[in-house]
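Structure, as structure tokens:
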Number of protein chains: 2
Amino acid sequence: MGILIKGVFTPDRKKATIYIEENIIQSINDEMYKDDFVIDGNRKLILPAFYNTHTHLSMSLFRGIVEDMWLKDWLEKVVWPMEKHINEEYVYWGAMLGGLELIRSGIAAIADMYFFMDKVSEALELLGLRGVLGTTIFEFPSPEAETPEDAFKIVENFAKKYKNRELIKPSIAPHSIYSCNIEILQQAKEIADRYGLLVQIHLSETKWEVYEVQKRYGKRPVELLESIGFLDKNVLAAHAVWLTKAEIRTLAKYDVKVSHNPVSNLKLASGGVMPYPEMKEYGVLVTLGTDGVASNNNFDMFEEMKVFAISQKNHRWDPTIAKAKEVFKVATENGAKALGFKAGRVEEGYLADLVLIDLNSPHLKPFYDPITLAVYSMRAGDVDGLIVNGKPLMLNREILVVNEDKLMEKAERKAFELYEKVMGVVK
Amino acid sequence: MGILIKGVFTPDRKKATIYIEENIIQSINDEMYKDDFVIDGNRKLILPAFYNTHTHLSMSLFRGIVEDMWLKDWLEKVVWPMEKHINEEYVYWGAMLGGLELIRSGIAAIADMYFFMDKVSEALELLGLRGVLGTTIFEFPSPEAETPEDAFKIVENFAKKYKNRELIKPSIAPHSIYSCNIEILQQAKEIADRYGLLVQIHLSETKWEVYEVQKRYGKRPVELLESIGFLDKNVLAAHAVWLTKAEIRTLAKYDVKVSHNPVSNLKLASGGVMPYPEMKEYGVLVTLGTDGVASNNNFDMFEEMKVFAISQKNHRWDPTIAKAKEVFKVATENGAKALGFKAGRVEEGYLADLVLIDLNSPHLKPFYDPITLAVYSMRAGDVDGLIVNGKPLMLNREILVVNEDKLMEKAERKAFELYEKVMGVVK
């Protein structure tokens, strides 16, 4: 019982037949299959699916409520008042809406930071998507936990319950240095090590954060994290914009992974541009993330790759920086590696997390190098199919695993309901 | 005989019925129509179509040949060797491929600079798209003309022949200050005034250009153009990145229009970011363009709006700059105004250049403000229909005016043929 994708273009522009069994790419162009389920690859391109390494999936309910504001206003006027009403139900419907978009965007896996992760798991497992799910920890009350201690208990229970799931990996997410004191950061790291969890943290996203940490501790953020024993190979730092070269060397030394979120950084006007050339030079594993759609405002990893490439080029006045092939690798293979999956390549022995692209569109002609096209010309709207863990979730633009229309409509009603609790009637 | 679009969401999120007759939006929510042709607007949003004010449409044949190079290498190794072989036939097929993409991207009109404009007109008129078409003038031979005098003759003939077309407006395009001497610039302006043409020119795209002009003339580009009497309300300057405040004031004084091309500027690593806040402050009419797909690499005006907004915000460390509503106006109404059309608004009396958006997708939920969604969440893949000059060119994602598949295939064959003359066999 397997899946055969016939006559599809591979990332190196060869025609191939790809055989998937269980959840693995078993063979490419080996004629010995039992072709139980055949997908016609004609006029299609197969790519590794994206690994989106920084999201707040359930915040999909907050998309586009207000825009073009200072971060402080946006948090105080919208996000925090909305999050006062956040509960398991809203988290589920936000994850469902976000999850449907992930499928349509060719994203196989996310590293997510939010609350009520049981509910996020429920939505992702129903949809067939992977999630590395980190309950967010604050030094103050969260929508889910009155105290950090309560939050740690939630993390531990979640870690035990979801220990052996195929699609879900428990994680822990101390929110940031400015919102977690040292004790909390250390305790989070200790729990992560005990349960084998990935630690997700927002790091040096804004210059405000750097000043704040320096004021409080007399150290820059990475220096502080090093001094308290936090830095390690199981740490995934999101944003990582405002860093010195010394800090980047420190991240490299401890094999900390970085999630670069260019669209969110530019949109929120963090200022500066993530120091990618130095990260590359010193050997930091850089991955790509969209952040939540409340600050993006979509999960389009094609757009994210392009903005990554062109913002790096312009910032350094050098068009040879962030070449298409390496940008694509950052968005796929590097992300998979950071999250602990053998995926991100269309190769035998890799996980069958694959995207099918409809090549039959004028903006994808002429068809020379598929990766160049993927980074500079494609968008999520070109995604025709998605296979995750060997299972087709969408084919011919039709989502196979759930009734998309019904769920989308319900999720939107829930978004409106939440909106009206804070912002007034939807006009 | 008219077109009735029933029950569609307007840009201000009202449900409306829109009646089009001839090429004009005749009425909105007036129940007195003779509904000859009905378009179901259910779950759709209507927006004004885009006016893309800087393209090299026929260079669509050059999409993605090589990337991530210095501009000089890219020109010397690819563009110029390819352009040695450019002829009427390639220009036609490039324009056809590009034109199909324009339709799928919701673009009603372009301001184009290239060669063999008879052929570009032919393609655009067949497709039903508007073009303000400027034959490019150099001080050296072009693919079309041995001398500037020959090029001027071509412009004059084109201006006479296309004087009264509905969709095509002749224009003249002295390429840039660094590739046209003063006499040529003045002669181009003189011909433009005589025939009532828009003058398109590349202006201050790179810092190299500014240095070069200063070296040659002892003046900055805008100062030079002012001193030779070139600046005027019929001038459309593309790029306009490297300007002083004094130069921006000068552009405003003469009512020169600007085409901002953020994706191309970032991708080619021009460095810096177009001084939009100052243009706005001093009253320059800013419009939006994609540039050619050889340096973009698509005609996605949604992407262009988003990159415009987020690059401005980040560059000035201020998220309140380039708000969604003004960015959208720049891409639609401002563009139409610069090109001399009363379009860019869904309002009675405006030209019926309209886009239909398929709202039935998770990345467009929840549906609050349509313009916020358009700028930050949509992409060209959401375009479901396009009406230009009152004529539906695409409905339900199907191009109605030509056989898209057949033309796309032919155009790709032509692209490969041209590629092989310079680059070797397509692998």
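Every residue, even glycine, has its Cβ placed from backbone N, Cα and C.
The candidate list B:HIS202, B:HIS363 contains one residue that TrEMBL assigns to the Zn(2+) site with B:HIS54, B:HIS56, B:ASP291, namely B:HIS202.
B:GLU83 (substrate binding site) falls within a helical segment according to DSSP. Put simply, B:HIS175 (substrate binding site) is 12 Å from B:HIS54 (Zn(2+) binding site) when counted between their Cα atoms. The binding-site residues under consideration are B:HIS54, B:HIS56, B:HIS175, B:HIS202. Their Cβ neighbour counts within 10 Å are lowest for B:HIS175. The maximum pairwise C-alpha distance among B:GLU83, B:HIS175, B:GLU205, B:ASP291, the residues recorded as binding substrate, is 21 Å.
With respect to Cβ neighbours within 10 Å, the binding-site residues B:GLU83, B:GLU205, B:ASP291 differ, and B:GLU83 shows the lowest count. When the Cα atoms are compared, B:GLU83 (substrate binding site) and B:HIS202 (Zn(2+) binding site) turn out to be 19 Å apart. Cα separation, B:HIS175 (substrate binding site) to B:HIS202 (Zn(2+) binding site), rounded: 6 Å.
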